[in-house]
Amino acid sequence: MVFPIRILVLFALLAFPACVHGAIRKYTFNVVTKQVTRICSTKQIVTVNGKFPGPTIYANEDDTILVNVVNNVKYNVSIHWHGIRQLRTGWADGPAYITQCPIKPGHSYVYNFTVTGQRGTLWWHAHVLWLRATVHGAIVILPKLGLPYPFPKPHREEVIILGEWWKSDTETVVNEALKSGLAPNVSDAHVINGHPGFVPNCPSQGNFKLAVESGKTYMLRLINAALNEELFFKIAGHRFTVVEVDAVYVKPFNTDTILIAPGQTTTALVSAARPSGQYLIAAAPFQDSAVVAVDNRTATATVHYSGTLSATPTKTTSPPPQNATSVANTFVNSLRSLNSKTYPANVPITVDHDLLFTVGLGINRCHSCKAGNFSRVVAAINNITFKMPKTALLQAHYFNLTGIYTTDFPAKPRRVFDFTGKPPSNLATMKATKLYKLPYNSTVQVVLQDTGNVAPENHPIHLHGFNFFVVGLGTGNYNSKKDSNKFNLVDPVERNTVGVPSGGWAAIRFRADNPGVWFMHCHLEVHTTWGLKMAFLVENGKGPNQSIRPPPSDLPKC
């Protein structure tokens, strides 16, 4: 019983904080295959410790976490600790060929990092190939000793992980797509804590049940681990109070629908204030680009009030329509940093590096792509499709290796056009391994501009090594003179993954106070595969704690 054990561990941490403050937390992740049946189909999947989803990591703020990852499968493996700042410990960040070479079959690597200045819901996942479809789990960071939540303490906490499921092997799915030059097949189901819920013409194979008691409040730690789709999340007859996103507290607000993009986390309180019974939990996709294919199936689970007979009919709900842009915007526009004395919003007011990055698709020639009419769909930032190196970029930077990358990533698009209007006739991109160099402690603004090339689309952009403030969002083309005057520099939401709206833009700001090489990419796995990614190289500072630490002795070799 995975979740009761997690709850006991959580209670133990809360009950004995003096024993765990600044403690060392040790975990072993055995990466193994397991035969699993979902939607009346059985296949082998890659897992951690034979669990899907994988085990939850529990820690307090200031704890040091050591995870020994042992690779027992045929694939190369790496694990990313999504949202952990990794201050000066980039060797533990995890993206393959960016901060480390992957762990080869039969080998192991100990990820060693300290949780500094963070508390809340984060998650971990594989960061190579498409393995994160099944190799993922939660990270729960509890506040440090003597520091309560800035909201009423819930009766219980529950991790809820949303994902996708393919009947076919996911590596086969992506490899076939790359050979054809076309988009991969969409998933066959969405899942809630590993289960799709009701599936027509398929007998029930178990589903997730959230057990509650009338009159009590529960904290849901919600994670979108789906590969390619933003999701709406609802519970029939209940409303949420959102209190945190991406492990940063927000001004609480009430909603009946949560929007969560791949890579994002949302923590919300829900009160069991309805009449006893069973209530449907639903997760379904949001996609307001009419030409982009999605898996339109709804994953379901159940809220079960104590004392309710299992045969009691479940009260139902319907998620918003797939193209419910107004619902999505209402949720996103409600997010504000707490900006209190204890949790200030330290937004950079002045900017040293003002960057405009276009994010979108392109089409390159491909002589072997017969199914794609000898063309391949690609993705790019500022028209550069990122070329993955064969040596880890952080290693190349630290040891001054040459010929691996260049530091001339453009600050602005080299080709200016009506980004959200009619696409240019030439949709080809440049393929290169280019980084953008930042001096230590410099302030950065990045405007992420979607393009209509091939198709406008939402892009959940994730930045490793930093949190950032979302100071502005808009539709159409970004206008630096008009739109910057409307920026929120007082209490903008702080997070690590931002949803760039379809046919629009998002403006983020952060301080480059973490030396190393830090990946930035779309968290739609198909777009990352196609090349929508780049990296920042943050130089060492001059102070004693402003340089990246030496690499560990067991760092994997390429």
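Including glycine, each Cβ sits where the backbone N, Cα and C put it.
Together with Cys522, His527, the Cu cation 4 site in Swiss-Prot holds one more listed residue from His397, His459, which is His459. Going through His125, His127, His136 against Swiss-Prot, the one listed in the Cu cation 3 site together with His464, His521 turns out to be His127.
Checking the candidates His82, His190, His195 against Swiss-Prot: the one annotated together with His125, His523 at the Cu cation 2 site is His82. The secondary structure of Asn373 (N-linked glycosylation site), as reduced to three states from DSSP, is coil rather than helix or strand. Neighbour count (other Cβ atoms within 10 Å of the Cβ, all protein chains): 27 for His127 (Cu cation 3 binding site). By neighbour count, meaning other C-beta atoms within 10 Å, the densest spot among the glycosylation sites Asn76, Asn441 is Asn76. Considering only the binding-site residues His80, His82, His464, His521, His523, the residue whose Cα is spatially closest to the Cα of Asn296 (N-linked glycosylation site) is His523. Of the chain residues outside the Cu cation 3 site list His127, His464, His521, His80, Asp93, Gly94, Pro95, Ile98, His462, Phe519, Met520, Thr528, Lys533 have their Cβ within 8 Å of the site's Cβ mean position. The DSSP secondary structure for His464 (Cu cation 3 binding site) is coil. Fewest other C-beta atoms within 10 Å: among the glycosylation sites Asn112, Asn383, Asn400, that description fits Asn400. Looking at the domain 'Plastocyanin-like 3' (408-542) alone, the prediction's average pLDDT is 97.
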